[in-house]
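Peer 1: One structure follows; several queries about it will come next.
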Amino acid sequence: MDVRRRPGAAAADRPTKSRPAAAAAAAPAAAPGDLVLRPPNLRLVLAAMALFLAPFSYLAFVHYPLAADLRRSILICGAISLGGFFVVLRLIPVAARYLLRRGMFGKDINKKGLPMGEITVPESLGIVVGIVYLVIAILFQHFNFTADSIWLVEYNAALASVCFMILLGFIDDVLDIPWRVKLLLPTIAALPLLMAYAGGTSIIIPKPLATYVGVEVLELGWMYKLFMLLLAVFCTNSINIHAGLNGLEVGQTVVISAAVLIHNVMRIGSSKDLETQQAHAFSIYLVLPFLTTSLALLGFNWYPSSVFVGDTYTYFAGMTLAVVGILGHFSETLLLFFLPQVLNFLCSVPQLFHFVPCPRHRLPRFDTQTGLLTGTKDGNLVNIFLRLFGKCSEKSLCIRLLIFQALSCLFCFWLRYMLTGWYK
């Protein structure tokens, strides 16, 4: 977790980082070759890759009789995504040296008072993942889409929104934008998607409510696009404020991405509607490279972090997941996958909107004698978990929160199974 930010509600979980220009002036000039990062935690990454991709692979290639063309496209996307995984592993140390040279670094406040807390850690390494992801997604078009494909316009619009969000996130890391402006960033980045969206703008009314509403399908028109915009704003900012621990930002997005992959292939296998199958296949093509490149970043960002991801990654991750949910037509399910982020936001509302005092950092207290974190009275999941389950190390707390994230996704699958046929 990095040391960054001035007071502000939306950034209240993330400590303050030296401004890049000031840091560059204060720190001695560092040559690009001065920094040697710790090797990535490949054991963790490979275990996570096997854990998350094995169920998806089994469902896609064994359990469900998917069409041969779809399986071919998934294999091509998976192969390119795996290549992106190795590219990110190679590029992160290179980019880290140049970011450190330009003063883009932070210090870990959860290790303050220890020698590890005085180490300057390169910041904003989410830029590497974002660029590699875009290259993979653009190259995949050559193998899957024809020039007259009806999905190509929305696919490129999705990439434009993601690219816009990466740019704005990196600008935030460099300029340290006030938190109120942060709410506008996803709004601006979502414009290409909103303008190019040509899908349906109606919703299916839940069966128990259809009698009272009077219709089974309700046309929302412009209100549906407003919902898309609000979803993009929520996803980007909810990941940004559910932070503060080494590996938490990347870890939560990896878990959600894996759940999205599994959900997509289950919907393709169980649906007879061609448009539904195409929408979920479209979602797979966007989220699979995101998962593999994020896993590579997790190897460097896991405790103790040798790089920090910055707002570049959290904004990029939130926008990518929002785009996947919108174009895959499963926004409700996506919000269920985001259950911890929803709870974190609801608990944070009094401080985010200054109904109660909001301190500069809503972080746990670190005890240098024991090396454990103690929860404060601040209203976020990081502190709530510490108050409920007692003090623990930063690594253990992150693991607990990621287990909660995984259990929330499992709850979503169970809920969908229980409500199928009754709810919709």
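Backbone N, Cα and C define each Cβ position, glycine as well.
Whatever TrEMBL says is automated annotation, not expert-curated.
Feature annotation from TrEMBL assigns region 'Disordered' to 1-20. Sequence annotations record features per position, and here TrEMBL assigns transmembrane segment to 42-62, 74-99, 119-140, 152-171, 183-205, 226-245, 251-270, 282-303, 315-339, 397-419.
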Peer 1: Under 8 Å for C-beta pairs, could you tell me which stretch among 74-99, 119-140, 282-303 has the largest tally with the transmembrane segment (251-270)?
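Peer 2: The stretch I would name here is 282-303.
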Peer 1: Tell me whether the transmembrane segment (42-62) sits in contact with the transmembrane segment (183-205), defined here as at least 3 Cβ pairs under 8 Å among residues 6 or more apart in sequence.
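Peer 2: Touching, no - the transmembrane segment (42-62) and the transmembrane segment (183-205) miss the threshold of 3 or more Cβ pairs under 8 Å.
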Peer 1: State, in range form, which of 119-140, 152-171, 282-303, 315-339 has the highest count of Cβ pairs under 8 Å to the transmembrane segment (226-245).
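Peer 2: Highest pair count goes to 315-339.
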